[in-house]
């Protein structure tokens with residue numbers, strides 16, 4: 001993690017130091033924006049939100065070991081018990097410091113964006129690159145204007161590759177992230193309906209995602225999903241610079257792509273296996289779902305662009321550990337839980353249903369909450385997911401709250417609507433008396449992981465008894 005003297009940080013930020021320590025070489029180790037999780041030696045960055053202002057928590061940050069803090073110059077009075085680096089805006093200063101630190105370490109920098117699959121692809125790509133380079137990756141959901149700098153501060157002096165997830169909700173946001181972290185490799189994993197409310201159509205979503213191309217350094221590499229026609233349309237309307245090398249992939253087997261699936265996908269209890277165009281054979285991905293083949297191809301292309309050989313790529317891919325709540329399988333004594341509870345949109349919900357139906361089971365159950373930010377077609381898009389579940393053969397469908405209830409309307413009479421999470425959990429528990437596969441999915445706001453955790457705790461209690 002970042003270790004720099006206060007003098008160096010002040011110089012980078014063109015700022016002054018108040019309460020200068022006697023030791024001129026005094027510095028910081030690591031950065032925190034939360035006074036509750038500050039560790040000894042951290043630089044505390046007080047951010048101002050809609051409800052709270054981090055400046056109000058400088059005392060507990062100091063008590064927990066903060067060595068110094070960025071401080072808004074207009075925030076008076078100044079505390080006198082901790083060194084302060086005075087800046088106009090702590091967030092902007094943190095971003096500027098992150099950009100400088102990334103430039104100093106100068107790793108191979110990879111940015112990954114997309115409507116679906118960017119977190120899984122990030123995990124796969126980082127695992128692959130780790131076979132050759134000391135590598136860091138975005139942790140959790142640190143993919144915005146606050147999280148990206150925090151990820152950069154995780155870089156060590158010997159880090160050679162940084163895999164950065166880049167999220168967005170509006171135009172200009174990825175442009176801004178790339179201004180902090182210029183890229184050697186940019187990957188666009190997919191285009192879906194997420195944030196349709198803000199953009200109106202998928203072309204506009206693709207246009208916003210394609211801002212990542214502007215963040216490429218000269219002779220950078222663009223990797224993109226050939227199956228997302230909207231990306232192709234944007235590239236036709238706004239071509240990438242001539243110096244940018246383009247590599248496409250296709251999880252649907254499109255032979256026009258540079259890298260594409262050439263075999264049926266085999267489902268194993270611990271993941272999927274498939275072949276791809278070229279010399280890649282028996283590609284194993286420890287992740288559930290056909291859609292993970294597309295994510296894996298994107299990660300493979302990143303590995304190839306970064307100079308790894310086939311053995312390194314296949315070994316790294318096979319060692320991937322996915323972030324929690326993303327297509328994770330939990331085999332139980334009497335069934336299987338498919339935890340995809342972190343987020344949901346129409347494309348990922350249908351992919352989750354496909355994955356559910358590929359699990360050998362006597363009964364397939366989907367537990368779905370709503371999908372947010374879909375705009376005026378919200379009800380229709382939810383109903384379509386319900387119809388898709390029925391057509392694919394889902395035996396039972398449970399929905400949680402509104403707008404998830406519209407999924408039940410599309411499914412039909414066998415669907416059960418619930419507004420009570422505890423009641424829903426109690427309804428699900430008896431289902432595991434037989435071999436059952438259960439998909440649990442919904443937008444993050446509905447905290448569907450609480451259902452997953454409750455069912456897993458039940459399993460652990462039964463094992464102890």
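Don't overthink the numbers, they just go from 1 along the chain as shown.
Using the three backbone atoms N, Cα and C, a Cβ is placed for every residue, glycine included.
Annotated in TrEMBL:
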type    : residues                          : note
BINDING : 114, 115, 116, 117, 118, 119, 120 : ATP binding site
DOMAIN  : 29-71                             : domain 'Mur ligase N-terminal catalytic'
DOMAIN  : 112-302                           : domain 'Mur ligase central'
DOMAIN  : 333-444                           : domain 'Mur ligase C-terminal'
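Features per TrEMBL, on structure.
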residue : record           : Cβ within 10 Å
114     : ATP binding site : 29
115     : ATP binding site : 25
116     : ATP binding site : 25
117     : ATP binding site : 28
118     : ATP binding site : 24
119     : ATP binding site : 26
120     : ATP binding site : 26
Structural state census, the domain 'Mur ligase N-terminal catalytic' (29-71) (DSSP three-state): 10 helix, 11 strand, 22 coil
Would you list the DSSP helix, strand and coil counts for the residues of the domain 'Mur ligase C-terminal' (333-444)? 52 helix, 28 strand, 32 coil
Residues close to ATP site centre defined by 114, 115, 116, 117, 118, 119, 120, Cβ within 8 Å: 112, 121, 189, 190, 295, 348
Tell me whether residue 120 (ATP binding site) sits in a helix, a strand or coil according to DSSP. helix
Which whole-number mean pLDDT does the model give the domain 'Mur ligase C-terminal' (333-444)? 92
